[in-house]
Structures are given as structure tokens and as C-alpha cells.
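Visitor: Quick one: structure below, then a few questions.
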Amino acid sequence: MVLCCFALLITAVLVASKGAEEKPTCDPDHENKKVLWTCWTDDYNTTCFERSFYYNRQTDRCEEFLYEGCGGNDNNFPSIEDCLSNCKTNMTDYEIKFFQRLNKTLSCTSTYEKGSISRYILNETSQECQRADVKNGDIHFPSFRKCVYDCKPNSTSNPYCNSIKENGTKPRAPWNCYRQDGYKALFCYKPKNSK
């Protein structure tokens with residue numbers, strides 16, 4: 001039910017949005033580029049929201065947490081899918097069967113053409129799986145754990161995921177933020193005429 005309501009909220013936001021490009025402002029050196037704000041402007045406010053997930057090494061799971069909107073560290077992901085793709089080290093039985101059915105072997109070499117598709121490669125020098133922006137995503141690993149599973153690198157943990165969870169700090173005024181538990185999201189708003 002909550003997911004259905006959240007989906008309706010997102011749809012309403014996107015339909016009602018007047019192309020708001022402004023997002024909550026952080027103190028210098030505290031903007032976290034991994035945070036994905038969804039924003040819209042109405043007659044009174046600019047409103048934005050975000051959800052954050054972190055990787056819990058003890059449980060090998062990605063969990064939602066109460067991020068404040070600024071700062072923190074790299075163990076912060078805008079979706080559970082992004083967190084799992086970057087951090088989960090053990091492939092599930094389903095994933096193993098899925099990749100076996102694909103019957104496609106991905107190369108453990110690190111050569112690639114730079115592009116805009118985020119994938120994983122094996123760095124042959126350090127023997128570690130690393131994220132890279134590639135041109136042809138079909139020939140590179142879609143997730144960190146698939147790279148680890150196929151290439152057996154020296155390190156099986158992603159540096160993004162080794163940090164403990166940090167809740168960060170709140171955006172600067174005039175942004176006002178509050179947590180809406182029903183949507184499990186942080187909402188921030190700013191009156192339209194404030195600077």
C-alpha cells in the first residue's frame with residue numbers, strides 16, 4: 001500500500017512539476033553528489049525529496065537510513081538497487097542461475113572505451129573490481145558482485161561500501177527539512193520568493 005501511494009506521489013510530482021532545477025543547498029564541501037533529489041515548484045514553494053540506502057557489512061544487506069541531505073560519505077545510495085549493485089558481495093542463487101542462462105561470458109580484462117554507461121571492470125594492475133563509465137555496457141559487468149564472482153579479484157569489497165553509515169547534516173537556510181515516515185523520505189522545501 002505504501003509503495004502504491006509513493007508511486008502515485010511521484011507521478012503527481014512529475015506531472016505537476018514546472019521544471020524545478022533548484023535543489024537543497026549544502027555548506028561548501030558538504031554536497032554529496034550521490035544524493036538524488038526529486039524537486040518540483042508550485043505557486044508557493046520549491047519542494048524536494050530524497051531517499052538514502054547504505055550497505056551494512058555485518059548483514060551483507062542494503063538498508064534505508066535517515067540521511068539529513070548533506071555531507072556523509074560514499075556509503076550512501078539513492079536506491080536499494082544501486083546499493084546492491086555496488087556493494088553486495090555474495091550472488092544469490094537466482095542471480096547465478098540468471099547469468100548461467102544468459103550464457104554470455106564477460107571479459108576480466110580492463111580495456112574499455114570511455115562512455116556514459118556505469119559498469120564494472122577488473123583493474124588488471126590492482127586486481128580489483130572497479131566502477132567505470134564505459135561506451136558499450138553489454139561487454140562489461142553490470143554489478144560489483146558479478147565482477148567479483150567471475151574474476152576472483154584480490155579484494156572482494158568495494159571501497160564505497162567499507163565506510164560506516166553517516167547521517168550527514170541538514171541543508172542551509174532557507175531550506176526547511178522534515179522526515180515523512182509514511183513515505184520513508186526526507187522532504188525539504190523553500191518558499192518560492194526566498195533566496
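Along the chain as shown, the residues are counted starting at 1.
Cβ coordinates come from backbone N, Cα and C, glycine included.
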Visitor: Among CYS39, CYS83, CYS87, find the residue that Swiss-Prot gives as the disulfide bond partner of CYS62.
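Guide: Between CYS62 and the options CYS39, CYS83, CYS87, Swiss-Prot records the bond with CYS83.
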Visitor: Report the mean pLDDT of the predicted model across the domain 'BPTI/Kunitz inhibitor' (26-87), rounded to a whole number.
Guide: 91
Visitor: Which ones, of the disulfide-bonded residues CYS39, CYS62, CYS70, have a Cα no more than 10 Å from the Cα of CYS87 (disulfide bond)?
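Guide: If one measures from the Cα of CYS87 (disulfide bond), the disulfide-bonded residues that come within 10 Å are CYS62.
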Visitor: Which ones are near CYS70 (disulfide bond): of the disulfide-bonded residues CYS26, CYS62, CYS83, which have a Cα within 10 Å?
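Guide: Hits: CYS26.
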